[in-house]
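All remarks here apply to the structure that follows.
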Amino acid sequence: MAMNYNAKDEVDGGPPCAPGGTAKTRRPDNTAFKQQRLPAWQPILTAGTVLPIFFIIGLIFIPIGIGIFVTSNNIREIEIDYTGTEPSSPCNKCLSPDVTPCICTINFTLEKSFEGNVFMYYGLSNFYQNHRRYVKSRDDSQLNGDSSALLNPSKECEPYRRNEDKPIAPCGAIANSMFNDTLELFLIGNDSYPMPIALKKKGIAWWTDKNVKFRNPPGGDNNLEERFKGTTKPVNWLKPVYMLDSDQDNNGFINEDFIVWMRTAALPTFRKLYRLIERKSDLHPTLPAGRYYLNITYNYPVHYFDGRKRMILSTISWMGGKNPFLGIAYIAVGSISFLLGVVLLVINHKYRNSSNTADITI
Amino acid sequence: MTEALQWFRYHWRRLIGGATRDDDSRPYNYSSLLACGGKSSQTPKLAGKHRIVVPHLQAFKDEYEKFSGAYVNNRIRTTKYTLLNFVPRNLFEQFHRKEKKYIDRCWKDVTVGDFIRLSCNEVIPADMILLFSTDPDGICHIETSGLDGESNLKQRQVVRGYAEQDSEVDPEKFSSRIECESPNNDLSRFRGFLEHSNKERVGLSKENLLLRGCTIRNTEAVVGIVVYAGHETKAMLNNSGPRYKRSQLERRANTDVLWCVLLLVIMCLTGAVGHGIWLSRYEKMHFFNIPEPDGHTISPLLAGFYMFWTMIILLQVLIPISLYVSIEIVKLGQIYFIQSDVDFYNEKMDSTVQCRALNIAEDLGQIQYLFSDKTGTLTENKMVFRRCSVAGFDYCHEENAKRLESYQEAVSEDEDFTDTLSGSVSNMAKPRVPSCGTVHNGPLGNKPSNHLAGSSFNLRSGEGASEVPHSRQAAFSSPIETDVVPDTRLLDKFSQITPRLFMPLDETIQNPPLETLYIVDFFIALAICNTVVVSAPNQPRQKIRHPSLGGMPIKSLEEIKNLFQRLSVRRSSSPSLTSGKEPSSGVPNAFVSRLPLFSRMKLASPVEEEVSQMCESPQCSSSSACCTETEKQHSDGGLLNGKVESLSGQPLACNLCYEAESPDEAALVYAARAYQCTLQSRTPEQVMVDFAALGPLTFQLLHILPFDSVRKRMSVVVRHPLSNQVVVYTKGADSVIMELLSVASPDGASLEKQQMIIREKTQKHLDDYAKHGLRTLCIAKKVMSDAEYAEWLRNHFLAETSIDNREELLLESAMRLENKLTLLGATGIEDRLQEGVPESIEALHKAGIKMWMLTGDKQETAVNIAYACKLLEPDDKLFILSTQSKDACGMLMSTILKELQKKTQALPEQVSLNVDLPQPPVPQDSGLRAGLVITGKTLEFALQESLQKQFLELTSWCRAVVCCRATPLQKSEVVKLVRSHLQVMTLAIGDGANDVSMIQVADIGIGVSGQEGMQAVMASDFAISQFKHLSKLLLVHGHWCYTRLSNMILYFFYKNVAYVNLLFWYQFFCGFSGTSMTDYWVLIFFNLLFTSAPPVIYGVLEKDVSAEILMELPELYKSGQKSEAYLAHTFWITLLDAFYQSLVCFFVPYFIYQDSDIDIFAFGNPLNTAALFIILLHLVIESKSLTWIHMLVIIGSILSYFLFAIIFGAMCVTCNPPSNPYWIMQEHMLDPVFYLVCILTTCIALLPRFVYRVLQGSLFPSPILRAKHFDRLTPEERTEALKKWRGAGKMNQVTSKNANQSAGKSGRRPMPESSAVFAMKSATSCAFEQGNLSLCETALDQGCSETKAFEMAGPSKG
């Protein structure tokens, strides 16, 4: 019985394995990938092989650096600190909270005229707009015009979420602490009558912010007050959000000063674009050299956290504002790499014969 | 569910581990007799010292109902198990009380006391006692390959008293009680007894036990009672979990992860303190200290405390959690490449390297000590009968040696040599004549093997026994082993054998030539003193049954006549007769000798049911088989005609298949067969031997004392058919047998003197054999009177049936039998060196790996193999440690140490210095090259606590250590000692069950899947098929895996630290408030997506030096041994570099964007981008080879980053507050400053490392860097350069050796004449060494040199 079983098995088992005799082995495929013989670039880092790289880096970086440096140097920039902590400062009087509204005036002189468009910034120092809890304290949905978020802001806004049982619009610490000084620039011409410089309010925020990210709440007609009905202003604000500007296109959440403020600065010392001074014609400089005075409505207290406030006027180039570091860094790196190239040239020359790698490579 | 879990656990253990033995058997302290019943499927814990098994007959009913629904047909369903379903849902029959039949049950339902009926080819589900077998002799054959990998069949016997029953055991009537020992993991031992209801006891032994996991073969059906089930089975108890191995590299990485944790805590503390201080300045400022919802503000202290945890959340990326995932992936990739290396493929076995452990591949690159087994690892474990010495005469079998030579050359192509026709010298001339074997084998596939191997292969495929992981050749049956060309001189002496020698009547013949008698006894001993199972290939594994036993029905006289004629014709046409020197009287002799057989046949037992087995007579079956084969052959296209003759010439020889437990035994049986002393069949009662001149002899087998390692011998007690005496044949190690020889022979002085002479001569031959590296065995016999035997038997029976200290009693009993022996002769069996072993060992030596050979063999053999495989060089200074006491051992060691120190002062320092120099290390052969040989007994002393240190110091001086006569336990102790005391990486390689402990103790265990089964492989981490693969595995893959993984781990640390520090630096500018300037998603994805693939690819594909160069320059391996790629300071340097790069990456943008109108997340964007470029380009700098895959992945990473940033920036208007990535990337991409910043930052950050690498490359290149240059050269230039490299510091002699090596790697090395021992190398032949006459003189006695002269003429004849 068992024998039969075996015999049958043998007959049955034999043939199937016969035809496919060559098919099934465990031999691994002899492919370049499986045998790890893929063609490979094998960089060997020796002085001889990398010499060109250093020289090329040097040759590229130095001109770039010089270009940037020159561009940066051509940028005109003037900073006027109006914090008023010094007793001599015209704004010193505004440090006490009693004087409201406090207006101070600072004179300054432009030695050279500012060509092209001029950006007017306000700069704050030692202001930690990047504090984690501060950064969090906003509701993007509310700012985006979401009507439910308008009346029920995110919890992140606490404790600036509700005031007197009304939701705050815009809620949060960032909005609450919005910069609210007003800066006006006057050119003191030859005649005694000072000429105000036209400061453009619009165009200072990112286009996408103004048109996509920030939106007023929907509803009704042009009456913004109606749209913000049921909300209250942030605690520190003097007027509600729908009264930021008379221009309907720059009011409410889409007020560009507000939008700029809401883009929290990366570092404790920062500047924010305040106004644009557009070039009127090619013939006249935008800001001719001369005496100017800055009229400040001083509302924003920074002195008690040792902060500073500045007004900055700056022309711009393709690379933005004045920035000497970039150019210098490029020049430095280019020089270093050039220098290293020379050192390696010496090394390569010196060690070519003594090291037996060299006689193999060459 | 639990079952699935258990299955998983078991399966998992099996995957990882394999069989281990831990000797602590479970304690069974409570003593209450167990009534094994009830329904619990789990066997209750055992009772008392012994276990009582009571037949388990209840509770079948409900079980039946449960299962009968599912399996109505009561069909046997057998599932083949693969690795994935190891515990097969094998259903088997089980007795059902009510229905009086067996029912199908699952394995898990088997409980102790169950009756189980199994059919052929079923896997045994539990340990059970064999009660019934359909085999009339009460035998059951099992294959244990599932347990130990041995593919030969083993016999198990029905319990005594049950064998006689012709009907099946009726479980209903089974009323006996079984008492056996408590469950333990000893596979080779089982003790117990079966007590009948009348208090009569029957002893139970291992022979009665069917172990779980084995397969029933060749037996139609068996019935047994379960004694151990489930986890108590021996197979399961042997599966104790293995040591969990963790690679050294990973351990180091773990400590560095702890450093990272410390770093994290420091950083978080800095943040917390900083925040506290910062906040205390602005405590009242609601701008910064934003009040809680309820209007309160928190104090700076509390805020600082909170900040600590905030920082931990923010910076936790520093802890490279993803590192572990990546490591696993990289390891998988590495394993994949190791396994698909075509160089590891072994065509003969159709196997490649198996990586069983997935997590220690990189340890392969750091091995410092290698422990190797000898037999089967360095050698092939193909035992080849080489020489023998009978009655004091050495027969050196030169033709055989020559045949082996030719094999050796052809062996690399295939083993298709088929001169299966032993005895025909003429066959030597045409070695490629296909025989019936190949024809038979032909349709089976592409396996080049002889018919024996082929047939067993056939069997496997036929029976679906593919449980064997890969089909292997049948054990011990390659033609090399099976074919022995007889020594012509010995054949001459055979001619003197006539049956008359044994006729008691012929005592009158004066002086029966004692030598002839010795020869006869010698070969009979070779043939029967073993446990070989005989099977025929065309009825595979079916026991060959002799007519006289099975009751062959002879139908008519005519048939007998036919048979007769066929036999006689065949005999006369046998080429062996014509070519051999058999006298003309040979044919009549054969006739005469056959007569009694036939007369006996007629008298034989009545015809039984086995009518169909008529053709089972070997002659009949074989001739018919050969006929059909020849026909087939003709139809296949008409092959050589001459073959037909040769086929019919030796029909018996080509149709018997021997299955032996050890290769030695098989070799001896095959050797005996070559001298026409063919083992025909074996049953428990009888052994049939077909002796050429004497005809078939049937020995009544009275007793077998099996081999054990204590006695080192085995004996059979038979009744000699001719002299009718009780004869004991003993075969064993020479040292043991020599002591047991009779001192005073009763037969008178002359005989005694002769014995003494034989003894001396044999001893001389034995020494000589050992010198040649042969394994020696002594054959002896003893004639007993019936009375003596009866008395011994009585005592032995007592010993057998006792349970307590049975082993000792049996040993004593054996001692009583095996004494006063008469020495017949000795055999020398060659264990040939594996291909490529010397080259591999040489390469490993050069790689700085210290190699130890641990073997159980005797000193001479071990030392010779060590020389042959280049473990020891001829000019090495060899120290031999062989002492009898501990003190002497210590003394000797200190003497040797002193000598060594004197000789080579300050050499070790020199060596260690050399390593770091750019020059290739100066080889040590300038002064010191020592080898140490230590014997097992001395090793025991050396391993003791007090001498350990000295021993290790001594061994550290030696380039190779050989431990001979070492037990498996000693092997593992040695490994443990070296591993723990020297703090080195150890690798153990072995192939047998005796190496398992060593393999498991070592850092890496490698199993050679060879002849000795799967146990070593199961316990190993890697399994290779040949020793020579080890060199590539270590030198190439080990090196690669190590450098790859260590570089990748370092890179990972670098990557995380560099990136996370950006966040940390930012804290200094945001009041330590825990702000991140990056969007959280980017933060998460940065590690998860953008920078995860490149390091993995780097870890898998990095190739610092090509495989060819690594093989050519094994010295390069040393960098891994010293962990050069990943030292403690490397980690800190990497961290420093990471700090520097993160500083650059943060502060360059910081200075650029300082006092500008940039917002937080716009500031983070260039930081991220620059960091991405820095991190990826850092990898490019570190990579030694970049393929298109690298490029693809790096470019893909960069693209995915930008894509993500752009898409996220476009889609996410209000999502994910407070970070607002909206349109930031788009803005930046239009801004030239962004690009300028990124380029500048990347350049500055990478400059130092780049410059360092360049300077390293040109000023102080590591050997690996220099070796890398070779890859760029053309082959000719490369050989030139390699020569220069090697030659740089070496002596002239070494260079010449190397030139020799490069000239022909495969070629044999010329032998230095200086060393006599070395010249004996693999002991291939005497003829091989004939150039060295003085040597040959020692090797051969005068008789041999005669044949040598004969042999010189021989080849011209053939």
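The backbone N, Cα and C atoms fix where each Cβ goes, glycine too.
Values in this document were obtained by computation on a predicted structure and should not be read as measured data.
Only residues 6 or more beyond the boundaries of the transmembrane segment (B:257-278), in the same chain, are considered here, and those with a CB under 8 A from a CB of the stretch are 300-301, 303-305, 307-312, 315-316, 318-320, 323, 1053, 1056-1057, 1064, 1067-1068, 1071-1074, 1131, 1135. According to TrEMBL, the feature transmembrane segment maps to B:257-278 (among others).
The transmembrane segment annotation in TrEMBL covers B:298-325 (among others).
Following the DSSP three-state reduction, the secondary structure of B:Asp991 (Mg(2+) binding site) is coil. As annotated by TrEMBL, Mg(2+) binding site applies to B:Asp373, B:Thr375, B:Asp991, B:Asp995.
In the three-state DSSP scheme, B:Asp373 (Mg(2+) binding site) falls into the strand class. Sequence-distant contacts (6 or more apart, same chain, Cβ under 8 Å) of B:Asp373 (Mg(2+) binding site) comprise B:Met853, B:Leu854, B:Thr855, B:Lys971, B:Ile989, B:Gly990, B:Asp991, B:Gly992, B:Asn994, B:Asp995, B:Met998, B:Val1008. Per TrEMBL, active site, 4-aspartylphosphate intermediate is recorded for B:Asp373.
Annotation source TrEMBL lists domain 'P-type ATPase C-terminal' at B:1017-1262.
The feature transmembrane segment is assigned by TrEMBL to B:1049-1068 (among others). Beyond its flanks by at least six residues, the transmembrane segment (B:1049-1068) meets 249, 253, 256, 260, 263, 267, 270-271, 274, 311, 314-315, 317-320, 322-323, 326-327, 1074-1078, 1086-1087, 1091, 1095, 1098, 1125-1126, 1130-1131, 1134-1135, 1137-1139, 1141-1143, 1145-1147, 1167, 1171, 1174-1175, 1178-1179, 1182 of its own chain at Cβ-Cβ distances under 8 Å.
Residues annotated as transmembrane segment in TrEMBL: B:1080-1101 (among others).
Cβ atoms under 8 Å from those of the transmembrane segment (B:1126-1152) belong to residues 249, 252, 256, 259, 263, 1046-1047, 1049-1050, 1053-1055, 1057-1062, 1064-1066, 1069, 1163, 1166-1167, 1170-1171, 1174, 1178, 1233, 1237, 1240-1241, 1244-1246, 1248-1249 of the same chain, restricted to positions at least 6 beyond its ends. The transmembrane segment feature in TrEMBL is assigned to B:1126-1152 (among others).
Look at TrEMBL and you will find B:1158-1181 (among others) tagged as transmembrane segment. Away from its own ends, the transmembrane segment (B:1158-1181) comes close to residues 1051, 1054-1055, 1058-1059, 1062, 1075-1079, 1082, 1086, 1090-1091, 1094-1095, 1098, 1141-1142, 1145-1146, 1148-1149, 1190, 1194, 1197-1198, 1201, 1205, 1219-1221, 1224-1225, 1227-1228, 1234, 1237-1238, 1241-1242, 1245-1246, 1249-1250, 1253 of its chain (Cβ-Cβ under 8 Å, at least six residues beyond either end).
According to TrEMBL, the transmembrane segment annotation covers B:1188-1213 (among others).
Positions annotated as transmembrane segment by TrEMBL: B:1233-1252 (among others).
The feature region 'Disordered' is assigned by TrEMBL to B:1289-1312.
The feature compositional bias 'Polar residues' is assigned by TrEMBL to B:1292-1304.
Within its own chain, the transmembrane segment (B:1080-1101) is flanked in space by residues 317, 322, 326-327, 329-330, 333-334, 337, 1044-1045, 1047-1048, 1051-1052, 1055-1056, 1059, 1164, 1168, 1171-1172, 1175-1176, 1179, 1182-1183, 1185, 1187, 1189-1190, 1193-1194, 1196-1198, 1200-1201, 1204-1205, 1208, 1216, 1219, 1221, which lie at least six positions past its ends and keep a Cβ under 8 Å from the stretch.
Under 8 Å from some Cβ of the transmembrane segment (B:298-325) lie the Cβ atoms of residues 253, 257, 260-261, 263-264, 267-269, 271-273, 275-277, 279-280, 283, 289, 292, 1049, 1052-1053, 1056-1057, 1059-1060, 1063-1064, 1067, 1072-1074, 1076, 1083, 1087-1088, 1092, all in the same chain and six or more residues away from its ends. For the domain 'P-type ATPase C-terminal' (B:1017-1262), the model's pLDDT averages out at 91.
Counting every protein chain shown, the Cβ of B:Asp995 (Mg(2+) binding site) has 34 other Cβ atoms within 10 Å.
Under a cutoff of 8 A between CB atoms, and with a sequence separation of 6+ in the same chain, the neighbours of B:Thr375 (Mg(2+) binding site) are B:Asn381, B:Asp831, B:Thr855, B:Gly856, B:Asp857, B:Asp991, B:Gly992. A 10 Å cutoff on Cβ-Cβ distances gives B:Asp991 (Mg(2+) binding site) a total of 33 other Cβ atoms nearby, all chains included.
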